[in-house]
Amino acid sequence: MNNLRDVWSSRFMHYIGEVQKYMQFIFTGHIAIVLVFLIGAGGYQYSEWLKVVSTDFPAQTIVAVVIGIILALSRPTTLLREPDQVYLLPLESKMPQYFKKALAWTFWSQVWLVGIVYIISIPLLKAVTTLTISEIWAIFFLIVVLKYLSVQGEFSYRYSSRGHLIWGDRFIRAIIFGLAVYMGLQAQLMLAFALTVIACAYVFVFRKKCAGEPVPYEHFVNLEQNRMMSFYRFANYFTDVPHLRGSIRRRGWLDWLYKSVPYAKGNAQKYLVFRTFVRTDDHFYLWVRLTAISAVIVAFVDIPVVTWIIAAALSFATTIQLKQALLSGGDFRMDMLYPQPEDARKKAVQQIVRLSMIVQAIIVGLCGIMQPMFFVTIFVIIIVSELTTKMTKS
Amino acid sequence: MSVLEVQHVTGGYTRKPVIKELSFTIGKGELVGLIGLNGAGKSTTIKHIIGTMLPKEGDIRLNGITLKENMDKYRTAFSYIPETPVLYDELTLREHLQLTAMAYNLDEATLAARSEILLKEFRMEKRLNWFPAHFSKGMRQKVMIMCAFLVNPSLYIIDEPFVGLDPLGIQSLLDQMDEKKKEGASILMSTHILSTAEKHCDRIILLHEGRVRAQGTMTDLRTAFGMPNATLDDLYIAMTKEQDNE
């Protein structure tokens, strides 16, 4: 039956599409440049350090520990979704087919990371140890095999225990794998082989335990949702992710703020927008983040023109993002039916944004109080914000 | 004069209309049931009345005016309880009530008096400071119902109100509806719970494929279908069978 394979393929295509879509935003942004610089600088430092590293540097131990930990973290990518708990139930006995595909992808999507880390460490191993080239590549092969075992092992453990105490399992695997790699690095290939056999046995025990257990859909679906959520959260720093519903926090300590919007008919939208801004993490932390960056720069950079330019840029960024975030929302909301002027929400958003930017200006201004002409920063922030509000479309 | 007049309304999402030449009225103090299969056009009809969709042809008048003529007056005249509760995740129950009261220009004393009664009726007094994330589906529905009844409009538009409510909640809702009717308010209610509709509605509008198939009191409908003693369930099934045979 090809059915489940097709299910996997269509999911996989969708998943790759989703990841690609956001990766574009992430890597076309400033982070790509930052990464290139970081890698370049790191590589240079590393090669300089290799020239002077002493031969008693514990390279084997460090490499074994790092590789052991990376090997043990083998979260399965199953791409299961919530409705599967219902729709795939009748295919329970055919599910191994699906998981085989899923685990193959899990292996290939994770093995490169541990591979790269090991390859990066090869110059160090050559400098510090007496390993031959063929031994070094034998260990590489060993690591690939161990990764395969780890992926199978973590999946079987999660399947049989529904993820309960997964860190215990990961710890045990990290120790076995780390020891195996360490033995390999000590050129004790027989001992490394013996530890690999132990790893096999460990994985086999949990594989056996899975037999007859129903598919733990809930656990795997949870795992998928968390993984996608953390990906979306990360992507959200670079672009607007539509499915990301900001979480809500009461922030009771800010309740006194709402007194500035008294009970009155014309205030309904302000009442709402103010609370939306303060209590939605996305909006509130956006403001906090940009205000903090602006304040720190203004406090520590003592070239006035530079601080004005940066404060202006951050004022623009805060204003435009806040305005768009508070005005957006294509879904139906009850306030769309309120007997109020059409532009009530727009006006309310303008006022709340203005208020938050005045507060930003004051905070940033106070942080720059030791600098010459710090008061200019305050005006720059307010003027840029007002211009941004006026000149951008709603 | 009727409170709501829907006259020859045609409309829908794309070029193909979902509702066609729809006409009906609701009089003062009347409870009218809007009945139809999934996809018959009930929700689209309601969206046109509340003004989130505009008719391609025809007119909808609430207390004699259209939405275009006087938006504020039109919107003040009704309150709406959607099928799926739509709440603000960032507002507590108390704040939902306050926001609604502000939007509809109630003074604080009226808000306090009306909300006290509603909170008691729907057994939500202890949840005033809760956020919607902690509410069950039924409780969310109750928040919507309380906000709607707080406003005291001349027309209530209630979409599928009984789904998710517990039996006590259903009873409270029916009691509230009854009370408002006595005070002269009109209600348009769409539902699939036909026995309740039959028992409580003054008139029924049977909607099928975007058109009014039949409307009137239960007696009118029984006569129209030639089924004396029939229940609304019987009539409904007869209607769908009749259409299938066409």
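Using N, Cα and C of the backbone, Cβ positions are placed for all residues, glycine too.
Features of the protein shown, as given by TrEMBL:
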type	residues	note
TRANSMEM	A:21-45	transmembrane segment
TRANSMEM	A:57-74	transmembrane segment
TRANSMEM	A:102-125	transmembrane segment
TRANSMEM	A:131-150	transmembrane segment
TRANSMEM	A:171-204	transmembrane segment
TRANSMEM	A:284-317	transmembrane segment
TRANSMEM	A:355-384	transmembrane segment
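When each of A:57-74, A:102-125, A:131-150, A:284-317, A:355-384 is scored by its Cβ pairs under 8 Å to the transmembrane segment (A:171-204), the top-ranked stretch turns out to be A:57-74. Using a Cβ-Cβ cut-off under 8 Å and counting only residues 6 or more beyond its ends in the same chain, the transmembrane segment (A:57-74) has close neighbours at 106, 110, 113-114, 117-118, 121, 124-125, 127-129, 143, 146-147, 150-151, 153-155, 170-171, 173-175, 177-179, 181-182, 185-186. Using a Cβ-Cβ cut-off under 8 Å and counting only residues 6 or more beyond its ends in the same chain, the transmembrane segment (A:131-150) has close neighbours at 67, 71-72, 74, 107, 110-111, 114-115, 118-119, 122, 125, 173, 177, 180-181, 184-185, 187, 189, 192, 196, 199-200, 203.
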